[in-house]
Amino acid sequence: MWYYEKKLQYPVKVSQCNPMLAKYLIEQYGGADGELSAALRYLNQRYTIPDKVVGLLNDIGTEEFAHLEMIATMIYKLTKDATPEQLKAAGLGAHFVNHDHALYYHNAAGSPWTATYIQAKGDPIADLYEDVAAEEKARATYQWIIDISDDPYINDSLKFLREREIVHSQRFKEAIEILKEERDRQKIF
Amino acid sequence: MNSSAPMPESYYRLLEKIQAVDFVLVDLTLYLDTHPNDFETIKQFNQLAYESKQLKASFEEQFGPLLQYGGSFSQYPWDWKQAPWPWQV
């Protein structure tokens, strides 16, 4: 089971109301390479992955939910005081008529989150290579958002998240090596 | 929704200390998942787990419970459900 802890993993501050930036950040909320995809991908794969790497998928999957909460906090804080006019000007008019100020799991272009964003192949090497790729894609997305954002507080939090993608990618690569070593050992008679 | 009274500066200072220690614990957890025989790192992990518990005890005395489902004790009346939530501060 899980315990909720009443704190963010890393502080999230915003300079000012900025629905345009929020619109871009939604990519990491309900987009293909976003935090929801990441959390659900790893926690679902862990049931059929070898014992040696279950812990890693379990723990990275759990950390992704903390990242999802950080992204949600950014979007919430950037939009909570926005008027319908401001939302419309930021390209969130269609979002507003369906959701008001509520958050929703879709990407920056408005496509709803879908399970087709994630895979579970049952083949540990295939699954872990997908996980490495997912982390690298998320890292790239964070970089593009940092490049397009001029909010220094948001960028500080985004840089934290970008670095976490690098660490996760590294750990997944180590997991692949652990499984390969195990496989090669079994071939020696 | 809903805004509560602004939190004192000490809330943010203590929370950030906890976030710093807990961040190292998260990172060491992932590292140890792939390096389970690193004795020195396990010692560091246990030391920081202890520090985290101390910091949280002090935070909870002033600002209420951090963990749900019995991970933290409650005052009267039930204080778990009290704002602010993390996205509100």
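For all residues, glycine too, the Cβ spot is worked out from N, Cα and C.
TrEMBL: automatically predicted annotations, no manual curation.
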Among A:His101, A:His168, which residue does TrEMBL annotate as binding Mn(2+) together with A:Glu35, A:Glu64, A:His67, A:Glu135?
A:His168
At a CB cut-off of under 8 A, do any of the binding-site residues A:Glu35, A:Asp59, A:Glu64 come close to chain B? List them or say none.
A:Asp59
Just to confirm: which same-chain residues, 6+ apart in sequence, have a Cβ under 8 Å from the Cβ of A:His67 (Mn(2+) binding site)?
A:Gln9, A:Glu35, A:Ala38, A:Leu161, A:Arg164
From the Cα of A:His168 (Mn(2+) binding site) across to the Cα of A:Asp59 (Ca(2+) binding site), what is the distance in angstrom?
10
Cβ-centroid neighbours of Mn(2+) site A:Glu35, A:Glu64, A:His67, A:Glu135, A:His168, 8 Å, sequence order:
A:Ala38, A:Ala39, A:Ile60, A:Glu63, A:Ala138, A:Leu161, A:Arg164, A:Glu165
